[in-house]
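The following features are taken from TrEMBL:
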TRANSMEM  B:20-39  transmembrane segment
TRANSMEM  B:51-73  transmembrane segment
TRANSMEM  B:93-111  transmembrane segment
TRANSMEM  B:118-139  transmembrane segment
TRANSMEM  B:145-163  transmembrane segment
TRANSMEM  B:184-202  transmembrane segment
TRANSMEM  B:208-234  transmembrane segment
Amino acid sequence: MTDTPTEQPPVMNTRSVVGLAACAVIALVGIFLIPTLQEPSGGLNVRFWTMAALELLAMGGVVYFVLNLHEEPE
Amino acid sequence: MDPIALQAGYDLLGDGRPETLWLGIGTLLMLIGTFYFIVKGWGVTDKEAREYYSITILVPGIASAAYLSMFFGIGLTEVTVAGEVLDIYYARYADWLFTTPLLLLDLALLAKVDRVSIGTLVGVDALMIVTGLIGALSHTPLARYSWWLFSTICMIVVLYFLATSLRAAAKERGPEVASTFNTLTALVLVLWTAYPILWIIGTEGAGVVGLGIETLLFMVLDVTAKVGFGFILLRSRAILGDTEAPEPSAGAEASAAD
(Lines of atoms letter the chains of each structure in order from A and count residues from 1; the text may use other names and numbers.)
(Lines give C-alpha, C1' and ligand atoms only; values in the text may rest on other atoms or scores of the structure.)
Protein backbone atom coordinates (compact mmCIF):
# COMPACT_ATOMS: atom_id res chain seq x y z
CA MET A 1 0.00 0.00 0.00
CA THR A 2 1.67 3.21 -1.15
CA ASP A 3 0.48 6.73 -0.58
CA THR A 4 0.56 9.11 -3.51
CA PRO A 5 1.35 12.77 -2.90
CA THR A 6 -2.23 13.81 -3.74
CA GLU A 7 -4.17 15.05 -0.69
CA GLN A 8 -7.60 13.69 -1.60
CA PRO A 9 -9.45 12.16 1.37
CA PRO A 10 -9.90 8.38 1.17
CA VAL A 11 -13.17 7.29 -0.40
CA MET A 12 -15.21 4.71 1.47
CA ASN A 13 -16.20 1.67 -0.53
CA THR A 14 -20.00 1.63 -0.33
CA ARG A 15 -20.12 -2.09 -1.00
CA SER A 16 -17.85 -2.75 1.98
CA VAL A 17 -19.93 -0.56 4.28
CA VAL A 18 -23.09 -2.43 3.25
CA GLY A 19 -21.19 -5.70 3.63
CA LEU A 20 -20.16 -4.83 7.19
CA ALA A 21 -23.76 -4.06 8.09
CA ALA A 22 -24.89 -7.35 6.53
CA CYS A 23 -22.24 -9.25 8.49
CA ALA A 24 -23.46 -7.70 11.74
CA VAL A 25 -27.00 -8.86 10.90
CA ILE A 26 -25.77 -12.38 10.08
CA ALA A 27 -23.86 -12.53 13.38
CA LEU A 28 -27.01 -11.49 15.27
CA VAL A 29 -29.10 -14.07 13.40
CA GLY A 30 -26.52 -16.71 14.35
CA ILE A 31 -26.94 -15.89 18.03
CA PHE A 32 -30.72 -15.72 18.11
CA LEU A 33 -31.60 -18.37 15.52
CA ILE A 34 -30.87 -21.48 17.57
CA PRO A 35 -34.08 -21.56 19.66
CA THR A 36 -36.12 -21.34 16.47
CA LEU A 37 -34.26 -24.34 15.05
CA GLN A 38 -35.20 -26.67 17.89
CA GLU A 39 -36.08 -30.02 16.45
CA PRO A 40 -37.60 -32.99 18.25
CA SER A 41 -35.22 -35.51 16.67
CA GLY A 42 -31.87 -34.64 18.19
CA GLY A 43 -31.09 -31.58 16.15
CA LEU A 44 -28.55 -30.30 18.65
CA ASN A 45 -25.49 -30.71 16.49
CA VAL A 46 -27.22 -29.36 13.38
CA ARG A 47 -28.28 -26.28 15.30
CA PHE A 48 -24.85 -25.61 16.74
CA TRP A 49 -23.10 -26.15 13.44
CA THR A 50 -25.57 -23.75 11.84
CA MET A 51 -24.74 -21.17 14.48
CA ALA A 52 -21.00 -21.72 14.07
CA ALA A 53 -21.25 -21.48 10.29
CA LEU A 54 -23.16 -18.21 10.47
CA GLU A 55 -20.71 -16.70 12.94
CA LEU A 56 -17.75 -17.81 10.84
CA LEU A 57 -19.39 -16.38 7.72
CA ALA A 58 -20.05 -13.08 9.48
CA MET A 59 -16.53 -12.91 10.91
CA GLY A 60 -14.91 -13.75 7.56
CA GLY A 61 -17.05 -11.12 5.89
CA VAL A 62 -15.99 -8.47 8.39
CA VAL A 63 -12.32 -9.31 7.83
CA TYR A 64 -12.77 -9.07 4.05
CA PHE A 65 -14.80 -5.86 4.07
CA VAL A 66 -12.54 -4.10 6.58
CA LEU A 67 -9.51 -4.92 4.46
CA ASN A 68 -11.38 -3.42 1.47
CA LEU A 69 -13.09 -0.54 3.28
CA HIS A 70 -11.66 2.13 1.02
CA GLU A 71 -11.46 2.57 -2.73
CA GLU A 72 -7.90 2.13 -3.92
CA PRO A 73 -6.67 5.30 -5.69
CA GLU A 74 -6.04 4.84 -9.42
CA MET B 1 -14.90 -28.02 47.89
CA ASP B 2 -18.65 -27.61 47.55
CA PRO B 3 -19.50 -25.76 44.33
CA ILE B 4 -22.70 -24.43 45.90
CA ALA B 5 -20.61 -22.55 48.45
CA LEU B 6 -18.99 -20.68 45.59
CA GLN B 7 -22.25 -19.64 43.92
CA ALA B 8 -22.94 -15.93 43.60
CA GLY B 9 -25.37 -13.62 41.90
CA TYR B 10 -29.00 -12.62 41.98
CA ASP B 11 -31.91 -14.14 40.13
CA LEU B 12 -33.19 -11.05 38.28
CA LEU B 13 -35.76 -12.88 36.14
CA GLY B 14 -37.09 -15.21 38.82
CA ASP B 15 -36.32 -18.30 36.75
CA GLY B 16 -33.85 -19.90 39.12
CA ARG B 17 -30.71 -18.51 37.49
CA PRO B 18 -28.72 -16.30 39.92
CA GLU B 19 -26.13 -15.71 37.22
CA THR B 20 -28.59 -13.42 35.40
CA LEU B 21 -27.20 -10.57 37.52
CA TRP B 22 -23.79 -10.92 35.86
CA LEU B 23 -25.27 -11.50 32.42
CA GLY B 24 -27.36 -8.33 32.79
CA ILE B 25 -24.34 -6.31 33.91
CA GLY B 26 -22.33 -7.77 31.03
CA THR B 27 -25.01 -6.72 28.54
CA LEU B 28 -25.04 -3.16 29.89
CA LEU B 29 -21.25 -2.78 29.94
CA MET B 30 -20.93 -4.10 26.39
CA LEU B 31 -23.67 -1.70 25.23
CA ILE B 32 -22.00 1.24 26.97
CA GLY B 33 -18.70 0.32 25.31
CA THR B 34 -20.37 0.06 21.90
CA PHE B 35 -22.03 3.46 22.14
CA TYR B 36 -18.87 5.06 23.53
CA PHE B 37 -16.87 3.82 20.54
CA ILE B 38 -19.60 4.96 18.11
CA VAL B 39 -19.63 8.47 19.61
CA LYS B 40 -15.83 8.63 19.70
CA GLY B 41 -15.51 7.48 16.12
CA TRP B 42 -18.26 9.67 14.66
CA GLY B 43 -16.80 11.87 11.92
CA VAL B 44 -13.36 10.27 11.92
CA THR B 45 -11.91 10.65 8.43
CA ASP B 46 -8.54 8.95 8.75
CA LYS B 47 -8.40 5.82 6.60
CA GLU B 48 -6.71 3.53 9.10
CA ALA B 49 -8.66 4.88 12.06
CA ARG B 50 -11.92 4.08 10.27
CA GLU B 51 -10.85 0.45 9.95
CA TYR B 52 -10.07 0.17 13.66
CA TYR B 53 -13.35 1.84 14.60
CA SER B 54 -15.35 -0.48 12.32
CA ILE B 55 -13.90 -3.53 14.01
CA THR B 56 -13.86 -2.18 17.54
CA ILE B 57 -17.52 -1.09 17.42
CA LEU B 58 -18.69 -4.45 16.06
CA VAL B 59 -16.90 -6.46 18.77
CA PRO B 60 -18.79 -5.23 21.88
CA GLY B 61 -21.92 -4.70 19.75
CA ILE B 62 -22.24 -8.39 18.92
CA ALA B 63 -21.03 -9.37 22.40
CA SER B 64 -23.86 -7.32 23.96
CA ALA B 65 -26.36 -9.24 21.83
CA ALA B 66 -24.82 -12.55 22.94
CA TYR B 67 -25.01 -11.47 26.59
CA LEU B 68 -28.63 -10.39 26.14
CA SER B 69 -29.48 -13.80 24.68
CA MET B 70 -27.83 -15.50 27.67
CA PHE B 71 -29.60 -13.13 30.07
CA PHE B 72 -32.99 -14.20 28.73
CA GLY B 73 -31.97 -17.84 28.67
CA ILE B 74 -32.00 -18.05 24.86
CA GLY B 75 -28.29 -18.78 24.59
CA LEU B 76 -28.53 -21.65 27.06
CA THR B 77 -28.75 -25.40 26.55
CA GLU B 78 -28.36 -28.56 28.61
CA VAL B 79 -25.74 -31.23 27.99
CA THR B 80 -25.65 -34.57 29.81
CA VAL B 81 -22.14 -35.50 30.91
CA ALA B 82 -21.65 -38.84 32.67
CA GLY B 83 -25.25 -38.83 33.85
CA GLU B 84 -25.16 -35.26 35.12
CA VAL B 85 -26.99 -32.43 33.33
CA LEU B 86 -24.90 -29.29 32.78
CA ASP B 87 -26.17 -25.84 31.84
CA ILE B 88 -24.07 -24.64 28.91
CA TYR B 89 -24.22 -21.02 27.78
CA TYR B 90 -23.38 -21.77 24.17
CA ALA B 91 -23.97 -18.15 23.07
CA ARG B 92 -20.53 -17.44 24.52
CA TYR B 93 -19.02 -19.51 21.76
CA ALA B 94 -21.03 -17.67 19.11
CA ASP B 95 -19.75 -14.42 20.59
CA TRP B 96 -16.14 -15.62 20.75
CA LEU B 97 -16.26 -17.10 17.25
CA PHE B 98 -17.16 -13.69 15.87
CA THR B 99 -15.23 -11.36 18.18
CA THR B 100 -11.88 -12.98 19.01
CA PRO B 101 -10.68 -13.10 15.36
CA LEU B 102 -11.65 -9.44 15.04
CA LEU B 103 -9.57 -8.50 18.08
CA LEU B 104 -6.67 -10.25 16.39
CA LEU B 105 -7.45 -8.37 13.17
CA ASP B 106 -7.06 -5.12 15.12
CA LEU B 107 -3.60 -6.24 16.24
CA ALA B 108 -2.68 -7.47 12.76
CA LEU B 109 -3.67 -4.13 11.23
CA LEU B 110 -1.65 -2.35 13.89
CA ALA B 111 1.41 -4.46 13.06
CA LYS B 112 0.62 -4.13 9.33
CA VAL B 113 1.29 -7.76 8.50
CA ASP B 114 0.37 -9.31 5.16
CA ARG B 115 -2.99 -10.92 4.41
CA VAL B 116 -1.62 -14.45 4.56
CA SER B 117 -0.53 -13.84 8.16
CA ILE B 118 -3.93 -12.36 8.96
CA GLY B 119 -5.66 -15.39 7.45
CA THR B 120 -3.47 -17.80 9.41
CA LEU B 121 -4.03 -15.99 12.67
CA VAL B 122 -7.79 -15.74 12.18
CA GLY B 123 -8.01 -19.36 11.04
CA VAL B 124 -6.18 -20.80 14.05
CA ASP B 125 -8.26 -18.60 16.33
CA ALA B 126 -11.51 -19.84 14.76
CA LEU B 127 -10.26 -23.41 15.20
CA MET B 128 -9.60 -22.63 18.86
CA ILE B 129 -13.20 -21.53 19.43
CA VAL B 130 -14.84 -24.27 17.34
CA THR B 131 -12.92 -27.01 19.17
CA GLY B 132 -13.84 -25.34 22.46
CA LEU B 133 -17.50 -25.50 21.40
CA ILE B 134 -17.17 -29.18 20.47
CA GLY B 135 -15.66 -29.78 23.92
CA ALA B 136 -18.51 -27.93 25.60
CA LEU B 137 -21.09 -30.08 23.80
CA SER B 138 -19.29 -33.42 24.33
CA HIS B 139 -20.89 -36.03 26.58
CA THR B 140 -17.87 -37.74 28.13
CA PRO B 141 -15.20 -36.18 30.37
CA LEU B 142 -12.44 -37.66 28.19
CA ALA B 143 -13.80 -36.04 25.06
CA ARG B 144 -14.38 -32.74 26.84
CA TYR B 145 -10.84 -32.55 28.22
CA SER B 146 -9.32 -33.69 24.91
CA TRP B 147 -11.08 -30.91 23.00
CA TRP B 148 -10.15 -28.45 25.73
CA LEU B 149 -6.50 -29.44 25.28
CA PHE B 150 -6.74 -29.08 21.50
CA SER B 151 -8.34 -25.66 21.86
CA THR B 152 -5.73 -24.56 24.41
CA ILE B 153 -2.90 -25.60 22.07
CA CYS B 154 -4.49 -23.46 19.33
CA MET B 155 -4.60 -20.57 21.78
CA ILE B 156 -0.91 -21.01 22.61
CA VAL B 157 -0.08 -20.94 18.88
CA VAL B 158 -2.06 -17.70 18.47
CA LEU B 159 -0.41 -16.07 21.48
CA TYR B 160 3.04 -17.19 20.36
CA PHE B 161 2.41 -15.71 16.91
CA LEU B 162 1.34 -12.44 18.53
CA ALA B 163 4.34 -12.27 20.84
CA THR B 164 6.88 -13.02 18.11
CA SER B 165 6.02 -12.29 14.45
CA LEU B 166 3.44 -9.58 14.98
CA ARG B 167 5.42 -7.94 17.73
CA ALA B 168 8.48 -7.73 15.48
CA ALA B 169 6.36 -6.26 12.68
CA ALA B 170 4.84 -3.68 15.03
CA LYS B 171 8.27 -2.68 16.27
CA GLU B 172 9.27 -1.74 12.73
CA ARG B 173 6.39 0.73 12.53
CA GLY B 174 7.87 3.02 15.17
CA PRO B 175 7.78 3.55 18.94
CA GLU B 176 4.15 4.76 19.09
CA VAL B 177 2.80 1.66 17.35
CA ALA B 178 5.18 -0.65 19.21
CA SER B 179 4.11 0.77 22.57
CA THR B 180 0.38 0.41 21.84
CA PHE B 181 0.88 -3.06 20.36
CA ASN B 182 2.87 -4.25 23.39
CA THR B 183 0.24 -2.95 25.81
CA LEU B 184 -2.58 -4.64 23.90
CA THR B 185 -0.65 -7.88 23.46
CA ALA B 186 0.14 -8.01 27.17
CA LEU B 187 -3.58 -7.55 27.88
CA VAL B 188 -4.50 -10.33 25.45
CA LEU B 189 -1.82 -12.70 26.79
CA VAL B 190 -3.02 -12.33 30.39
CA LEU B 191 -6.77 -12.35 29.73
CA TRP B 192 -6.87 -15.06 27.09
CA THR B 193 -4.76 -17.37 29.25
CA ALA B 194 -7.37 -17.04 32.00
CA TYR B 195 -10.18 -18.41 29.78
CA PRO B 196 -9.06 -22.07 29.56
CA ILE B 197 -8.15 -22.01 33.26
CA LEU B 198 -11.63 -20.78 34.14
CA TRP B 199 -13.18 -23.34 31.79
CA ILE B 200 -11.30 -26.24 33.37
CA ILE B 201 -12.15 -25.24 36.96
CA GLY B 202 -15.70 -24.14 36.08
CA THR B 203 -18.91 -26.07 35.61
CA GLU B 204 -17.95 -27.21 32.10
CA GLY B 205 -14.76 -28.79 33.48
CA ALA B 206 -13.95 -29.99 37.00
CA GLY B 207 -16.81 -28.08 38.65
CA VAL B 208 -14.67 -26.52 41.37
CA VAL B 209 -16.27 -23.13 40.74
CA GLY B 210 -20.04 -22.73 40.59
CA LEU B 211 -21.99 -21.25 37.68
CA GLY B 212 -22.49 -17.90 39.43
CA ILE B 213 -18.79 -17.21 40.01
CA GLU B 214 -17.90 -18.65 36.62
CA THR B 215 -20.37 -16.34 34.87
CA LEU B 216 -19.08 -13.35 36.86
CA LEU B 217 -15.46 -14.09 35.95
CA PHE B 218 -16.26 -14.71 32.28
CA MET B 219 -18.14 -11.40 32.23
CA VAL B 220 -15.16 -9.53 33.71
CA LEU B 221 -12.80 -11.19 31.25
CA ASP B 222 -15.10 -10.50 28.28
CA VAL B 223 -15.67 -6.85 29.12
CA THR B 224 -11.97 -6.21 29.74
CA ALA B 225 -10.85 -8.13 26.65
CA LYS B 226 -13.31 -6.29 24.39
CA VAL B 227 -14.20 -2.88 25.80
CA GLY B 228 -10.91 -2.40 27.67
CA PHE B 229 -8.97 -3.49 24.60
CA GLY B 230 -10.91 -1.09 22.37
CA PHE B 231 -10.52 1.76 24.85
CA ILE B 232 -6.72 1.41 24.86
CA LEU B 233 -6.53 0.99 21.09
CA LEU B 234 -8.74 3.93 20.16
CA ARG B 235 -7.06 6.31 22.59
CA SER B 236 -3.74 5.73 20.92
CA ARG B 237 -2.25 7.95 18.25
CA ALA B 238 -0.82 4.76 16.74
CA ILE B 239 -4.12 4.02 14.96
CA LEU B 240 -3.76 7.07 12.73
CA GLY B 241 -2.26 6.58 9.29
CA ASP B 242 1.32 7.46 8.50
CA THR B 243 0.45 10.51 6.44
CA GLU B 244 -2.54 11.84 8.35
CA ALA B 245 -2.33 14.86 10.63
CA PRO B 246 -3.40 14.02 14.20
CA GLU B 247 -7.05 14.65 15.00
CA PRO B 248 -8.10 16.22 18.28
CA SER B 249 -10.16 13.18 19.29
CA ALA B 250 -7.33 10.72 18.86
CA GLY B 251 -4.23 12.79 19.31
CA ALA B 252 -4.99 14.94 22.35
CA GLU B 253 -4.94 12.13 24.84
CA ALA B 254 -2.16 10.11 23.31
CA SER B 255 0.36 10.99 25.95
CA ALA B 256 -1.88 9.52 28.61
CA ALA B 257 -1.74 6.15 26.91
CA ASP B 258 2.06 5.94 27.09
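Any Cβ shown, glycine's included, is placed from N, Cα and C.
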Same-chain residues near the transmembrane segment (B:51-73), Cβ under 8 Å, at least 6 residues beyond its ends: 12-13, 15, 17, 20, 23-24, 26-27, 30-31, 33-34, 37-38, 40-41, 44, 89, 91-92, 94-95, 98-99, 102-103, 105-106, 109-110, 219, 222, 226-227, 229-230, 233-234, 239
Criterion met for the transmembrane segment (B:184-202) and the transmembrane segment (B:20-39) (at least three Cβ pairs under 8 Å): no
Stretch contact, the transmembrane segment (B:20-39) with the transmembrane segment (B:208-234), Cβ-Cβ under 8 Å, 3+ pairs: yes
